[in-house]
Amino acid sequence: MAHKGLQLLGFTLSLLGLIGLIIGTIMPQWKMSAYVGDNIITAIAMYQGLWMSCAYQSTGQQQCKVYDSVLQLDSALQATRALMVVAILLTVAGLGVASMGMKCTNCGGDDKVKKSRIAMTGGIILSVGALCSIVACGWFTSQIIRDFYNPFTPVNTKYEFGAAIFIAWAGAFLDIMGGGMLASSCSKGQSSPNYPKSSRPVKSSRPPSSSKEYV
């Protein structure tokens, strides 16, 4: 049967991954202004996230602006936003399904094989959600690298990785590890017990004896 400790560990990792995905999606520090070349002015630090852009001054003041129109955003940012939202929703759904199939819960009936299969289904959903977040983070990362090394990009508009993208990466890997543990915890099922075949007496094919005993 499914190992209880493996299920608990997988569920915990996926839950931590969900927290990381939510924090990473909300934070505006997906990319930050890079101070390269002649761009050494550090009085203002620019950050851009999936939902807003912020400017931090050396005095401690902060100004953030939410993106007004979706149509003004580039395709990479729109795809990253959509994939991260889908990843969070799938992770929440996967945790709900997996919790019903875990051995330490009373949901999903008393059939242990059925419960382990439910836990496996939840693990698969979690893995799909993690893959969505990995694709989103990878896409955004490649966009930052491509713009940074593009010779036609002005120096004052070059960006490097922010803290949010690392948190999102960590959440994605925790999610996929937890989903893999839950998916691999399914048992193969119980085979029907093999009862010994009942041995029937072999009937004799000889005709009954016609001899009679005489006194």
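Positions of Cβ are set from backbone N, Cα and C atoms, glycine also.
Topological domains recorded in Swiss-Prot put Asp74 on the same membrane side as Phe140. Distant neighbours of the topological domain 'Extracellular' (139-162): 27, 29-34, 36-39, 46-49, 76-77, 79-80, 83; these residues of the same chain sit at least 6 beyond its ends, with a Cβ under 8 Å from one of its Cβ atoms. Residues of the topological domain 'Extracellular' (139-162) grouped by DSSP class, helix first, strand second and coil last, total 13 helix, 3 strand, 8 coil. The list of residues near the transmembrane segment (163-183) in space but at least 6 beyond its ends in sequence, with Cβ under 8 angstroms from a Cβ of it, reads 6-7, 9-25, 27-31, 49, 84, 87, 91, 94, 98, 119-120, 122-127, 129-131, 133-134, 136-137, 140-141. Under DSSP, the residues of the topological domain 'Extracellular' (29-81) split into helix, strand and coil as follows: 10 helix, 19 strand, 24 coil.
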